[in-house]
Amino acid sequence: MFNTLLAVFIGGGVGSMARWLVSLKLNSASAHLPVGTLIVNLVGAFIIGLTLALFSRMTHIDPVWKLLITTGFCGGLTTFSTFSVEVVYLIQEGKLTWAAGTILLNVAGSLAMTMLAFILVNNFASQ
């Protein structure tokens, strides 16, 4: 149990630091679209899809690594709460089109990235 908790703790810490650094660097790039949040959500969606697809095929790998990457790192990297508050701010500022675009890009983009990761692993594994 300790190894499991430690893996989630380490992964979450690294993911959270990565999210903060990306947001710090990229959110100022656009006054309307929180680019950093979008990037971490899309990258996190891809990583979790890739990890789950790989682990379903590579059952010999210790499941603690899966927890470190998915629950820990991806949980720390991706951010629904920041995404939510950024959309609310856009709505409060009357930027309804930007708010809708942010929602669409984050939700549809994250689903597409997760699906892409599964497709890539399945195509690679079938060769």
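Any Cβ shown, glycine's included, is placed from N, Cα and C.
These features come from Swiss-Prot:
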- GLY75, THR78: Na(+) binding site (BINDING)
- 4-24: transmembrane segment (TRANSMEM)
- 35-55: transmembrane segment (TRANSMEM)
- 71-91: transmembrane segment (TRANSMEM)
- 101-121: transmembrane segment (TRANSMEM)
For this session: Please work out which residue of GLY75, THR78 has the most C-beta neighbours within 10 angstroms of its C-beta, and give that one of the binding-site residues.
Result: THR78
Exercise. Sequence-remote contacts (6 or more beyond its ends) of the transmembrane segment (101-121), Cβ cut-off under 8 Å?
Worked result: 33-34, 37-38, 41-50, 52-54, 57, 78, 83, 86-87, 90
For this session: Please state whether DSSP places GLY75 (Na(+) binding site) in a helix, a strand or coil.
Result: helix
